[in-house]
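Annotation source TrEMBL lists compositional bias 'Low complexity' at 17-26. According to TrEMBL, the feature compositional bias 'Basic residues' maps to 73-82. Summarising the annotation, TrEMBL assigns disulfide bond to C462-C471. What TrEMBL lists as domain 'EGF-like' is 437-472. The region 'Disordered' feature in TrEMBL is assigned to 1-34, 58-84, 577-611. Taken from TrEMBL, the feature transmembrane segment covers 541-564.
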Amino acid sequence: MAACGAAGAAGGGPGRAAGPAEAGPGLAPGRGSGRAGVGAVLALAVLGWLQVARGAGSPPGDPALQPYSPGRHGPRHGHRHVRDCQPRRYGNVTHEAWPGDNSTAGPAAATRTFVSYFPPEGSGRKVLYGHFTFVRNPLRTLSVLEPGGAGGCREQRRATVQETAQLGNCLVAQNGGYFNMETGECLGNVVSDGKLVRNSGGLQNAQFGIRKDGTMVFGYLSEEDVLDQTNPFVQLVSGVVWLLRDGEVYINESRDAECGDTQTTGTFDKFINVISARTAVGHDRQGRLVLVHVDGQTESRGVNLWEMAEFLKQQGVINAINLDGGGSATLVLNGTLANYPSEHCSFDSTWRCPRRVSTVVCVHEPGCEPPDCSGHGLCQAGLCRCSGAFWTGPACDSLDCGPANCSLHGLCTPSGCLCDPGWTGSNCTEACAPGFYGESCSQKCQCQHGGSCDPVHGACSCPPGFYGTSCEHECPLGWFGPNCQSQCVCEHSCPCDPQTGSCNTTHDGALQEELLRAGQCVASQNKERSKERFSLSESTWLSLSCGLALLLALSALGNVGLVLRARSERQRGDYRYHPLRDINGEATHPPSAAAWEPEDTREPEDTQDSL
């Protein structure tokens with residue numbers, strides 16, 4: 001919020017004494033006691049009453065304070081002329097750059113009211129009253145606004161500073177650049193929040209701008225400077241007359257550069273010399289932006305530009321340009337008009353109303369990047385105030401669940417740590433208790449017989465002697481160990497201990513009885529099978545024996561037959577017929593084979609031949 005204070009003319013504002021620190025560096029508070037200060041305030045009140053009384057019969061408006069004649073604005077020459085005609089000590093540089101303050105401590109702006117004598121000494125001094133506003137971090141807290149909001153220059157709108165300030169949520173708002181009083185056209189260069197609204201085509205008037213890197217620029221710019229994209233302007237507004245350059249009054253040089261001509265209130269010299277309400281923008285050595293507003297009325301009260309420049313110099317301002325003044329000079333604090341307008345109200349000339357103007361210099365709370373704080377917070381005083389306990393970072397775009405950061409066993413969410421299955425606790429540092437598993441360890445294990453489950457998926461790990469999805473089955477006889485994967489090795493295929501595999505084991509009564517019944521059953525079955533096998537063997541051997549005996553008998557009979565036949569043949573041979581030997585004395589021959597043939601096989605001989 002803007003902090004407002006007041007400095008009295010000769011002894012301070014209400015309730016306290018004012019010194020130079022209250023009204024800005026170098027501001028002369030005047031001399032005398034508190035009684036003199038009260039007198040000054042009363043004199044100011046009387047002066048205001050007289051102005052109102054005189055204004056009752058005045059024309060409905062303060063004479064327009066324009067630097068050029070109607071129909072044109074700015075000099076006819078270009079930037080080269082300004083560069084060549086400036087003092088040699090500045091070389092070819094026609095503007096001054098100063099790094100802007102970037103602090104975030106304290107309020108965005110502090111506005112101080114002054115009522116002071118100027119000059120501080122001498123018989124010709126007069127009372128000045130107005131406001132100084134010191135702006136921190138201008139890159140983030142200051143904007144040049146179009147009249148009535150975005151598009152105002154294109155539509156040639158005019159609006160009061162108060163109306164535009166409400167649209168821009170301005171803490172402090174002051175009128176800005178010049179405009180055509182007849183058409184409402186914005187004059188000079190205008191860049192609003194990074195958008196080039198109006199390009200003057202190289203018009204050589206005093207400029208104030210802020211570049212993207214936060215550098216404040218005061219002075220004369222070429223069209224190339226205005227359009228530069230290496231370090232572009234994010235705010236830019238045109239004034240008329242460079243009041244202070246590098247801490248020194250620069251009005252004469254500015255007059256030559258801007259080549260003033262006749263205008264509504266007279267010549268350019270008269271524009272410089274006439275007393276009126278004035279507004280200006282500058283900076284101090286700390287890089288704070290300084291907005292200055294001096295109340296007045298053209299040719300009646302206020303200051304001329306020489307006095308304005310000297311006054312700013314006394315307050316420690318380094319560079320400053322003059323903005324639109326006269327009846328346009330308006331200051332709005334926190335949405336409320338804070339100055340004495342010089343325009344007569346259209347509905348009743350007894351009263352004074354603010355003029356409808358063009359661009360506005362607006363001081364606001366520093367913006368956030370992004371403006372919505374990534375949707376996870378609120379932008380307050382340029383800082384994202386993150387919602388919830390876990391969104392963090394300048395843009396509220398990072399989740400932080402503490403130093404442990406969920407211990408690598410979970411995911412940090414806007415609600416805190418979302419633990420991986422098998423883990424629990426605020427930082428996911430605790431494993432599931434025995435018998436539980438899953439997300440947040442909320443599911444109960446179903447393992448039987450003392451089996452343990454996996455804390456992540458709940459899969460059962462069975463103890464030796466059991467198997468199954470839930471370890472519900474005991475190992476079958478003859479098997480043992482984890483998941484019953486080992487086979488018993490015992491004599492006579494006896495079952496072993498299902499857990500250890502030991503053959504020297506005693507089973508419980510139920511199992512023992514079951515084994516006994518099973519053994520009896522198996523023994524009975526074996527006995528029956530043995531009987532069947534014995535019966536089969538006896539009949540088989542009997543059959544084989546009978547067969548062999550029969551074969552033996554047949555063999556014996558055969559042999560007897562052969563013997564008898566052989567004997568019969570020998571007896572028959574003893575009585576065989578032998579033919580008579582040849583009586584003619586033929587040699588005897590051994591008996592031929594034919595002689596041995598049986599008689600019944602020989603051919604019958606012709607008995608007549610042998611006769």
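Each Cβ is built from the backbone N, Cα and C atoms, and glycine gets one as well.
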Tertiary contacts of the compositional bias 'Basic residues' (73-82), as residues 6+ beyond its ends and Cβ separation under 8 Å: 67, 94, 178, 180, 187-188, 200, 202-205, 220-223, 257-259
Under 8 Å by Cβ from C462 (disulfide bond), counting only residues of that chain that are 6 or more apart: C447, H449, G451, G468, C471, P482, N483
Residue distribution over DSSP helix, strand and coil in the domain 'EGF-like' (437-472): 3 helix, 9 strand, 24 coil
Confidence summary for the domain 'EGF-like' (437-472), mean pLDDT rounded: 90
Secondary structure content of the compositional bias 'Basic residues' (73-82), with strand meaning DSSP E or B: 4 helix, 0 strand, 6 coil
